[in-house]
Amino acid sequence: MNVLLDTSIFLGKFLYYFLESLYYKIIPKKKKDVTGEIVLITGAASGLGRLLAIKFASLGAILVLWDINEEGNMETCRIIKEERDAKVFAYTCDCSNRQDVYRVADQVKKEVGNVTILINNAGVVTGREFLKTPDHMVERSFLVNVMSHFWTYKAFLPAMLEANHGHLVCISSFAGIVGINELSDYCASKFAAYGFAESLHFELKLLQKSKINTTIVCPYFIKTGMFEGCSTKYPLLLPMLTQEYAAQSILNAILEEQLYLIMPRFSHVALFLKQIISTNMMMTMAEYLGMDISLASFIEREKSGEVQTKTEGKQQ
């Protein structure tokens with residue numbers, strides 16, 4: 001093909017997809033039916049993971065719950081079974097341990113079936129200055145926040161590829177696209193999770209596996225135990241997200257097969273400005289929004305010696 005023909009094809013496709021995206025901005029996509037889909041959620045013992053499990057159960061999905069917290073995971077299972085007649089399977093799994101992930105994954109495939117919607121939600125946060133963060137906490141952040149994604153994909157993607165059917169969901173973070181002070185290990189691991197999921201999305205499309213979808217979620221701080229005590233200076237501009245709002249938004253994005261979900265909407269503005277304004281301007285904006293002090297109370301509890309599950313590596 002010559003350059004002129006290639007360019008004409010490119011412009012035609014580009015215009016088509018541009019108009020398509022505008023259309024879906026006005027008229028949302030029809031939500032897909034997840035009845036009978038096998039949905040695996042990591043970090044299902046509490047918070048966002050629990051809410052997502054409850055919402056998927058209400059849509060007729062078969063739930064597979066993973067968490068290192070056996071008691072909390074069984075509580076999620078009990079809540080779902082009490083509220084509705086749903087198929088729910090709970091497994092204790094340490095997502096930071098590759099062998100444990102593969103072992104429990106094999107168990108799931110034998111006892112439940114092939115996972116068709118995988119939601120990598122488990123996460124940990126330290127919330128300390130870089131030089132005050134112990135090495136084992138840095139390693140833990142990467143093992144849970146991103147390496148577990150590699151292992152769950154390895155375990156469940158082959159069956160999706162064979163059937164050309166599935167959905168991969170990465171719960172990254174706003175801290176996975178914008179650096180935030182005193183979250184160096186968390187930001188790095190969430191940047192990695194975002195990049196991994198995006199890379200795999202394009203790899204699958206080039207393999208012509210168009211029926212395997214990806215959704216990458218980048219929320220600002222959610223009001224869960226993981227970020228308890230964090231605050232925001234101007235809630236109207238950059239609010240702490242409620243668990244209900246975050247869970248419903250994520251569910252809608254999955255059902256509409258949306259690739260990116262960034263919350264709240266103002267985050268889009270911050271991300272755009274990051275590309276065009278100077279570093280000093282970025283710092284000024286961060287100070288104005290209070291992002292430089294948003295972890296103050298979180299850090300203070302750390303310094304006071306209070307035991308926090310979020311720094312002890314508990315998956316949430």
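Numbers here mean position along the shown chain, with the first residue as 1.
Note that Cβ sites are derived from N, Cα and C of the backbone, with glycine treated the same way.
Copied over from Swiss-Prot:
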type	residues	note
BINDING	40-64	NAD(+) binding site
BINDING	Ser173	substrate binding site
ACT_SITE	Tyr186	active site, proton acceptor
Pairwise Cα distance for Ser173 (substrate binding site)/Ala44 (NAD(+) binding site) [Å, integer]: 17
Spatial neighbours of Leu40 (NAD(+) binding site) that are distant in sequence (at least 6 apart) but have CB under 8 A: Val64, Leu65, Trp66, Val108, Val115, Ile117, Leu118, Ile119, Thr152, Phe156
Inter-residue C-alpha distance, Leu52 (NAD(+) binding site) and the residue listed as 'active site, proton acceptor' (nearest angstrom): 22
Euclidean distance between Cα atoms of the residue listed as 'active site, proton acceptor' and Gly60 (NAD(+) binding site), Å: 34
Position of peak Cβ density within 10 Å, selected from the binding-site residues Ala44, Leu48: Ala44
Per DSSP, three-state class assigned to Val64 (NAD(+) binding site): strand
Leu48 (NAD(+) binding site) and the residue listed as 'active site, proton acceptor', Cα-Cα, nearest whole angstrom: 18
Structural state of Leu40 (NAD(+) binding site), classified by DSSP into three states: strand
Residues that sit under 8 angstroms from Phe56 (NAD(+) binding site) by C-beta distance, when 6+ apart in the chain: Val34, Val39, Ile41, Leu63, Ile117, Leu251
Collapsed DSSP category at Tyr186 (active site, proton acceptor): helix
